[in-house]
């Protein structure tokens, strides 16, 4: 049949001989006016037929503006790329430091912080995946991204989808752990850690494997970064499910927390502990999911600028925010760092004193 083709205005997917495909007028500012007329092309034995009706008549071609509009648009995307690259770089540095802190200090080794480390790792993967994808897709400006279909390109997109899924499911695990902690006060939380790992890493891996096999079998064209494909719901639906379950956990934890704080049987120390455990998670659950739900209700071409800003620019600093809330502003972590810093200073002073004493006696 006819292969995937780029005619300079629209991308036409591969179709068998005898079939036709229609596209809407492209949303290109300052070139085409808004029009609901569809343009179609037939796939013949000789290849694609010319667009009918032509773009200039179907889309009501506007008077061409100066090149400043195109330059301004290009400058806008370059600025956005610089912003989210800085955001992911800042997040990666903060997250690596947070993982090192939780791993180095033995008193911080517990199930809660182990889950935090996995959560941090999912953010590290997400930031690294975006930077790798940019390096693969935009390393050569002469490449036509509409028809680009390499194994390296598809692998980078699959890695991005896995890291995003793992990110949302480890946020779900954080909520599940907090709820379990409030419900089962006298039960060892170590017995659930492997279930948490299975949910956080296993479910995203299974989902991405199903998505990859489906794309290879039924929709293997382009770089798999076309969110208009119906198979995109294989990724979007599990994310929305995780956000929905997390929202229910958010409501339930809020209810249980209010009951425990009002209870006269709970001591002041336990109340402070509950507040410390819940404030970070209760902040992150609505913060990380609300914008995704809002944009998921609209088609992919609606609110593109706002979607890009939220998911790329603001989303790139989420890892830094997580490291700040769970590690750097954590009173337990701060106390442990101060304690070890004091021990190190005392050790240094003792070594200096011993050296001075040895020199004096010598």
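Glycine is no exception: its Cβ is also placed from the backbone N, Cα and C atoms.
Computed from a predicted structure; not experimentally measured.
As written in TrEMBL, here are the features:
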DOMAIN    1-63  domain 'G-protein coupled receptors family 2 profile 1'
DOMAIN    80-330  domain 'G-protein coupled receptors family 2 profile 2'
TRANSMEM  82-105  transmembrane segment
TRANSMEM  117-138  transmembrane segment
TRANSMEM  168-186  transmembrane segment
TRANSMEM  193-213  transmembrane segment
TRANSMEM  233-253  transmembrane segment
TRANSMEM  281-302  transmembrane segment
TRANSMEM  308-329  transmembrane segment
Would you call the transmembrane segment (308-329) and the transmembrane segment (193-213) in contact, using three or more Cβ pairs under 8 Å, pairs 6 or more apart in sequence?
no
So what's near the transmembrane segment (117-138) in sequence-distant terms, Cβ-Cβ under 8 Å and 6+ beyond its ends?
81, 84-85, 88-89, 91-92, 95-96, 98-99, 102-103, 145, 148, 152-153, 156-157, 159-160, 162-164, 166-167, 169-171, 173-174, 196-197, 200-201, 223, 225, 316, 318-319, 322-323, 326
